[in-house]
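According to TrEMBL, the transmembrane segment annotation covers 38-59. TrEMBL lists 108-287 with the feature domain 'SMP-LTD'. Here TrEMBL flags 285-405, 427-554, 683-805 as domain 'C2'. Per TrEMBL, region 'Disordered' is recorded for 576-604, 656-676. Sequence annotations record features per position, and here TrEMBL assigns compositional bias 'Pro residues' to 593-602.
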Amino acid sequence: MASDEKKMVSASKPALSPNNDDLNSNVLSMMYKFFKKVSVVGAVYLVGYLQWSVAWLIGPVILSVLRDQWRKESEYRRNLAKATAQSSEKDVVLARLDDLPAWVFFPDVERAEWLNRILLQVWPNVNQFARNILKESIEPAVAESLANYKLNGFKFERVILGTIAPRVGGVKVYDKNLSRSEIIMDVDLFYAGDCDISFVLQRIRGGIKDLQIHGMVRVVMKPLITKMPLVGGLQIFFLNNPSIDFNLVGAADILDMPGFSDILRRCIVEQVAKMMVLPNKLPIKLSDEIPTVDLRMPEPEGVLRIHLVQAQNLMKKDVSMLGKGKSDPYAIITVGAQQWKTKHIDNTVNPRWDYWCEARIMQILGQVLEIEVFDKDEGNDDDELGKCSLDISQVVRLGRLDKWQTLQQAKHGKVELRLSWHRLTTDLTELSRALTETMLVKTGDLSSAVLSVYIDSCKKLPNARPQSRPDPYLTVTVGKKTENSAVQMRTDDPVYEIGYSFLVQNPEIDNLEIKVLDSKTGSQLGQLVYGISTLLKQKDLTMITQPLMLQKSGPESKIILSLKLRIFKEAIREEEYEEEDIDPSLPEEQSPPISPTAPPPILETIDAAAPNPIPYRAANLTEPELKNINDEEPDTSSQKSVPVETIEKAVDVPQEYSPPAERDSPKLVHRTSSLTTSSGEAGLGRILLSLRYSMQNQTLYVVVHKIMHIPLKDPSNVPDPYVKLYLLPGRSKDSKRKTVVVKDSCMPEYDEQFEWVIPLTELHSRHLEITVATHKGFLGGSPVIGQVIVHLNQYDFREAKTLWFDLMPETTTPRD
């Protein structure tokens, strides 16, 4: 331990003379380069000597070029992130201020700078804490995960996090809708330091450099007390999985291909998620006056029921004899650390999964539902077909939500989601309704309640071996889910202080089963089978800190635990819970009640702060609603390719769930097709687009809403229009996007969103080429109907823009 600290101190000082470690690393580096050159020359000589085909050289060369390109791109991203981490935090936060309109800062961003100074001061102590976590928790878990890929013997040898402390990009403090005994703070945490971590894997020594971690950390301070330190404890956790990147060095650098590094990264992310990504939290007790159960007992706010119905128009990734075939799609659903995977369906681009799952939601604000769609291939190299995300607070506000979500990072494709939000209650009258609702769904094992379990300790366990204390750990099981605790070494009175939450199908018949096992012998030291129906007779369905006798154990063996049971409530609108939040000035027809059979009206959300400004379009408006909406467009503009209108009408509609201080940022707009829209300056029609740039994600978002009044030259030949987009200069497949084809329509509606990752410094030198074409051309061609050139340097992207553009005749754009 002392040697590690000395190495860390030495690393923080300027190197005045090379030490033995530096010399050894230089010698190893030179030897590695020498043998690498010799192997290349030897391979060329061998191919010529054996008179092999030149194809034996082309394959390895192509792989080498691809590997070098991948490494250059990864190194560029890491260097950029490191430069950001070492720059002035005030400039970084101010540059991103437009993406964070709801964040509360001290004047001149002093709050973030203040926290950064604290982190820098305590970083040497955090180094020691982080080393212990990596060695005791992360290392054995990663080793077990890598063993599933036939990679054995993983072990950390040296862990030095360096002198560069994490940076805080911004701080958001909630002051509304909170309990009086808690403080909630969100911290945008970013680490890109000079760490030095070495490991051994299958007797191969390697290292990790340029480790980077970025994510939104929530700190909950509760309960507040009247004595120092005024806060009883902390709960620290990531709202969603953080992004983790690193660079492999040493002998393991040979294996640093996307496949191996992705496996290692995936294993590390999984273990971080098990520790401190919701629903998992890292609790820290600050006062002995506060019972540990108050900090570690899980407290779900509700359950999100997810029904992934189907997907349509996915990309074709499989290759057949006749060209591109179809795909074998499956989907991965992620909410924080919770993840589910659907079955894959062979040879289709329109799969129907009918997959059900349920997510325990510990924090409504900030959590996101993510859907990733992949094409199943042999091995682990599956092709990505796109992904999408949805803020869970939208579902909470509406109660039920049925919508098509456009896939991002894909040329086309969308998925159908049916979501319902269930709050939790102790009212036993809700149990029969919840059980009936689960029985109506034949294709999924749905739940009716949530059981929270807190295990404090065990007492007087028997010895697993003669005259030797056991090394006990717990397995906690409800239904099909099992959780394992950490091992407590050489004790018959182990203290665990751990909490879990489980979904319960039927509390009247299901059981909680706890087994105490010895890690060395695998023998059982005792067990407890507890009928969950017993809690139905307890006050508030709760049992707090009770010792229960262990079965098949010693005569005085006990386990001390606490239990809470909560029953699902019916999914209804948020307004039904808090009527005072409803604005009485809103007309009744603008906030119709949501029911399972009546989907909500069209709403178009344009949020300058949201990372994914996807318009919400669930179903067509009814006839009375159409009459109440006036979406007239003004006369045609005389300027070529210049927007002629910004849609900002009827904004007085119910807003998404958010604290009152944040409800001014979203802009919700009713929209329908107008039959009186002009055909544009050139008579080729007009196109409605939404444009937004996210400085936080360095991403340009473009939403293609609809096209109005495409000219109909031949009534017997109605066009099949689609929209093609290029981000220029740099015409390539990577910059191309394309909507679906709408059959036989002169007024097609798409509501598809596309995105390009582009640095802010390059944004104003780019322009968008939007081309509208039809599939009904001569000999299968696609004649161009009209075109728009959007110069991005003409717009201020601090907020989203929804604009009409006149379609003009096709222009000759230089081919880059």
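Note that Cβ sites are derived from N, Cα and C of the backbone, with glycine treated the same way.
Taking H, G and I as helix, E and B as strand and the rest as coil, DSSP gives the domain 'C2' (285-405) the counts 12 helix, 60 strand, 49 coil. Using DSSP to sort the residues of the domain 'C2' (683-805) gives these counts of helix, strand and coil: 10 helix, 60 strand, 53 coil. Secondary structure of the domain 'C2' (427-554), assigned with DSSP and counted as helix (H, G, I), strand (E, B) and coil, comes to 20 helix, 59 strand, 49 coil. Averaged across the domain 'C2' (683-805), pLDDT in this predicted model comes to 84.
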